[in-house]
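Colleague: Sharing a structure with you now.
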């Protein structure tokens with residue numbers, strides 16, 4: 001299941017020299033460089049406060065104004081291509097309550113394409129397809145707050161898939177999920193044919209889903225390599241406050 | 001203070017409706033300037049916050065409790081336009097969903113409680129922030145005064161509306177005394193809690209408070225473990241502060257002098273204040289609601305203590321009116337000078 | 001005030017009134033209240049007829065009288081005000097049970113009580129037969145500025161979420177032995193209010209991020225729309241039209 005990036009087409013994501021400070025003065029990024037090829041699945045690891053979420057918010061131009069550049073599928077992130085960029089970069093946020101802001105599941109999934117001008121039967125078809133991809137087609141007319149947490153997370157993924165994105169960015173996809181929901185989500189993610197960047201503390205999940213990992217620490221990329229190698233490097237892991245669950249040995253896992 | 005149907009006659013209700021619609025339209029445009037595309041979610045969440053905070057009961061003494069009205073708080077935290085929108089939406093939903101405030105009186109209620117409180121509070125707040133030395137304490141003090149004045153100002157506006165379109169001929173002096181008197185008391189509570197709340201927000205997220213913005217540090221790059229300055233990409237626009245300061249000080253001093261004059265004049269004509277005071281305390285107590293703990297819980301009655309009034313209250317009316325008028329005029333002047341001729345300020349202040 | 005579906009004021013049902021499109025109901029209630037307010041206060045019988053009209057609507061909507069009456073309690077502060085009017089108003093006075101009351105004040109009190117009560121009753125009927133989601137669609141359909149409708153819908157979607165946060169903060173305070181009992185505790189409560197504001201605002205920012213990430217650029221796409229047939233309109237407008245007849249009679253007689 002290794003997917004090598006095709007050298008001819010532009011990379012899905014290129015980040016160069018990215019630095020950013022929040023309005024309250026706190027600086028989160030200190031020069032991030034990262035390239036992700038088309039079709040790759042990459043895990044973004046790092047301790048709390050390393051700047052992971054800040055980096056994610058730069059990918060579709062929500063945060064701008066610092067130093068450095070972000071390019072998505074050859075398009076620079078900036079005011080000029082913003083609509084295009086936001087269609088290409090699908091971000092699934094950590095709290096599904098933030099992401100699901102419409103009164104019903106169907107309306108919520110329809111929000112993105114409807115905002116892009118899709119209407120009528122085509123809209124219905126796309127909504128149905130996206131919900132079917134995450135196994136939530138039967139819940140279309142339910143209000144989001146009546147769903148379980150795992151179901152809400154899957155609907156949140158559908159709200160992004162319906163946009164047919166170039167790159168899917170997931171912020172802590174496995175947080176607050178019970179083991180069954182966690183496995184179901186992994187199956188869904190594996191079945192998708194898109195570039196994935198997954199921000200996570202869940203190291204076994206990263207190993208399971210992502211061949212490659214990068215470690216973000218103190219606002220810079222501190223390591224970049226195959227997930228198995230990084231997790232097996234005990235000194236590196238300790239230096240960046242990353243810890244494997246008790247009894248978990250990455251070398252014993254066959255990916 | 002939610003006015004029901006039939007309290008104000010139809011023509012004046014309609015006129016107030018037009019004023020309210022105009023002000024809301026102006027605020028919609030203004031809020032887009034304040035928040036651009038973030039208007040809907042942010043104003044919606046702030047409206048939900050105002051709604052929730054109106055249910056947060058503050059114990060006063062022996063069983064009675066009060067709650068925040070929120071106009072001043074909204075204006076200070078999110079700016080006047082967004083503030084007007086949030087409080088208007090809260091009033092609209094209260095009218096449509098809870099039948100609190102009549103549908104035909106919606107214009108009166110919005111003019112009174114959404115527009116007057118936020119605009120007065122914001123003008124006073126900005127005026128004080130400009131005059132006082134920069135710092136957290138000044139923001140708190142300015143919030144206190146702004147909230148203190150905003151509530152009686154709403155009472156004054158209500159009295160004016162009542163004077164024009166009231167359906168009973170209770171003498172205006174009596175209505176003014178009762179309304180303003182009671183609302184000075186409410187205003188004190190509102191002021192204390194608004195100031196403390198703003199203080200709490202300033203301490204944690206100063207960037208969220210309208211009056212306490214503009215603290216930046218240069219960006220750094222971590223190159224091989226060393227921090228170096230990043231090239232400055234967007235130079236911050238330098239605002240000309242000093243020139244306005246004089247205008248604001250002059251404005252505040254003038255309005256204080258005027259306020260003193262008006263209050264002297266007003267207290268020279270007490271109009272039987274003492275007598276009315278006792279039988280007109282619009283007295284009510286908090287109610288326990290059946291649906292406790294729900295958003296409707298405690299959605300009962302504004303708490304108001306007994307109204308103990310004295311002749312000095314007339315002075316407070318004067319202060320309220322004059323500060324509003326004075327600040328309004330100076331705001332218009334300032335806007336003219338900055339050549340940003342938006343119709344908003346003219347319709348609101350004239 | 002549930003997030004979208006059930007609010008506590010709403011009574012689920014399938015009556016003809018429940019089935020009407022929301023904007024026709026809103027328009028009907030609004031027109032009805034305008035008519036009521038413009039009725040001369042001397043025509044006491046007209047107000048009785050209005051009450052009968054509302055009772056008929058309540059019957060058609062199968063809203064029980066007890067439910068309706070309980071909801072009228074919201075009016076109490078202004079009832080108190082109305083009760084005072086006969087004592088403080090000016091003009092000619094009459095003696096009732098040994099008290100000197102102003103005739104004008106009595107009329108004024110009657111005016112406020114009658115019109116206010118009818119207005120509240122009409123609004124209560126509207127709220128108890130219309131779901132929140134529908135109300136918003138109705139307001140949108142009646143050409144309320146879209147931004148205002150959006151703000152209202154976000155307020156409703158997150159009203160519960162924020163109230164829940166407030167409740168959790170209260171539980172956290174009480175778990176640590178804090179019980180607000182007087183003015184000296186205002187500081188603590190105000191800090192909670194401040195924290196609540198920050199949480200609300202930050203959630204607003206996150207919701208906004210989620211929206212722009214999906215292509216939001218200032219206007220909400222219209223996904224569902226409501227429409228009403230001529231029959232539905234005429235059915236809904238029966239109430240204000242009947243009221244208008246009563247009102248005209250009130251002016252003429």
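Think of each number as a place in line: the chain as shown, counted from 1.
Placement of Cβ uses the backbone N, Cα and C atoms for every residue, glycine included.
TrEMBL does not curate its annotations; it predicts them automatically.
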Colleague: For the transmembrane segment entry in TrEMBL, name the matching range from B:207-226, B:227-246, B:247-266.
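Modeller: The listed stretch tagged transmembrane segment in TrEMBL is B:247-266.
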Colleague: For the transmembrane segment (B:105-129) and the transmembrane segment (B:184-204), check the count of CB pairs under 8 Å (sequence separation 6 or more) and say whether it reaches 3 or more.
Modeller: no
Colleague: Taking residues 6+ outside the transmembrane segment (B:7-28), which of them lie with a CB under 8 Å of any CB in it?
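Modeller: Same-chain contacts beyond the flanks: 80-82, 84-85, 88, 102, 104-108, 110-111, 114-115, 161-162, 164-167, 343-344, 347-348.
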Colleague: Pop the mean pLDDT for the domain 'PDGLE' (B:245-335) in here, whole number is fine.
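Modeller: The predicted confidence over the domain 'PDGLE' (B:245-335), as a mean pLDDT, is 39.
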Colleague: Checking distant contacts: for the transmembrane segment (B:72-93), what same-chain residues at least six beyond its ends satisfy Cβ-Cβ under 8 A?
Modeller: 2, 20, 23-24, 26-31, 33-35, 39, 42-44, 46-47, 50-51, 53-54, 101, 106, 109-110, 113-115, 117-119, 121-122, 125, 142-143, 146-147, 150-151, 190-191, 194, 197-198, 201, 208-211
